[in-house]
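Peer 1: Dumping what Swiss-Prot says about this protein:
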SITE      K33  site 'Transition state stabilizer'
BINDING   G68, G69, R90, N197  substrate binding site
SITE      K257  site 'Transition state stabilizer'
Amino acid sequence: MTLTVDHAMNIAQVLTESLPYIQRFAGKTVVIKYGGNAMVDDDLKNSFSRDVVLMKLVGINPVVIHGGGPQIGRLLERVGKQSEFIQGMRVTDKETMDIVEMVLSGQVNKEIVNLINRHGGHAVGLTGKDGTLIHAEKLHLTQDRDDPTINIPEIIDMGHVGKVKQINTRIVDLLVQSDFIPVIAPIGVGENGQSYNINADLVAGKLAEALGAEKLILLTNTPGLLDKEGKLLTGLNAEQVQSLIADGTISDGMLPKIQCALEAVHAGVRSAHILDGRVEHAVILELFTDEGIGTLIRNRH
């Protein structure tokens, strides 16, 4: 009996601790980039879906942007097509783009929507092509040439890899106002109707800016931002983050995520959060508890 009472008291403590956060964020929009291990582990997938439904239930407006790199890679391998990566991005020819679009919009997006709906939510799946949500343009990368005597960098054609040119929030606004949960695959459309594969972190950041979101949440496969000793950095302002970039603490795969977060907070998003998607209920723990579990970035304290 004592264990049961203790357990009940713990639940009550969690609920009362969450109350001021629920009140603070009611009516606010939270953009979540969903990816990494959280998308491939069944328990984590269900945990994430329940978190999103709970957010909507208490008056928060979640908007989900998802990736799907591992799923794309598996299908490309099955059809015998090799993937080439440059600066961490997949070179995407026409055939690869067709597969990317098939996987993201036809498989991954529908699975997320189905899980959210199974847990009592009302999710609607979109790509950036729906309602001209994501206007895209071709992304060109540059790299130093092999010949050191040539100072002009080489321009790399990445095929159907794009960047966000403009966000048209109308369809998302309509869905949110109608109590639906938008789930968006990061495929944009160009001026000529071409499809472009866009990094999901970048789409999430730009969408958070365009929606005037309260928060941008990026789920990753790390605990958050770590210092050089491997200790979690829980709260930072933009100036501190820039210093960590300058001294090399933030580098490699984390750098694009952090730059995306910085751009969002500079553009008016109240805060950006780097969370460990491998932790069950990571989103709810960050939003509704005093301690949180990841790294919070604000423009200023």
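In case you wondered, yes, glycine gets a Cβ from its N, Cα and C as well.
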Peer 1: In Å, how long is the longest CA to CA span across G68, G69, R90, N197, which the record gives as the substrate binders?
Peer 2: 12
Peer 1: Identify, in sequence order, the residues in the chain of K33 (site 'Transition state stabilizer') that are 6 or more apart from it along the sequence and have a CB within less than 8 Å of its CB; answer 'none' if there are none.
Peer 2: I65, H66, G67, A200, D201, V203, A204, L216, I217, L218, L219
Peer 1: Once near-sequence residues are set aside, which residues in the chain of N197 (substrate binding site), 6 or more away, have Cβ atoms under 8 Å from its Cβ?
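Peer 2: The list for N197 (substrate binding site) reads R90, T92, M97, V100, E101, H160, V161, G162, P186, I187, given in order along the sequence.
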Peer 1: Please report the Cα separation of K257 (site 'Transition state stabilizer') and G68 (substrate binding site) in Å, rounded to an integer.
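Peer 2: So the Cα of G68 (substrate binding site) lies 16 Å away from that of K257 (site 'Transition state stabilizer').
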Peer 1: To see if you understand the setup: which same-chain residues, six or more apart in sequence, place their Cβ under 8 Å from that of G69 (substrate binding site)?
Peer 2: G35, R90
Peer 1: Quick one: give me the count of other CB atoms within 10 A of the CB of R90 (substrate binding site).
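Peer 2: By my count, 20.
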Peer 1: Specify the count of other C-beta atoms within 10 Å of the C-beta of G68 (substrate binding site).
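Peer 2: G68 (substrate binding site): 24 neighbouring Cβ atoms within 10 Å.
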Peer 1: Return one of helix, strand or coil for G69 (substrate binding site), based on DSSP.
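Peer 2: DSSP assigns G69 (substrate binding site) to helix.
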Peer 1: Give me the sequence-ordered set of same-chain residues, not including G68, G69, R90, N197, with a C-beta within 8 angstroms of the centroid of the substrate site's C-beta atoms.
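Peer 2: What remains near the Cβ centre is G67, I72, G73, T92, V100, V103, L104.
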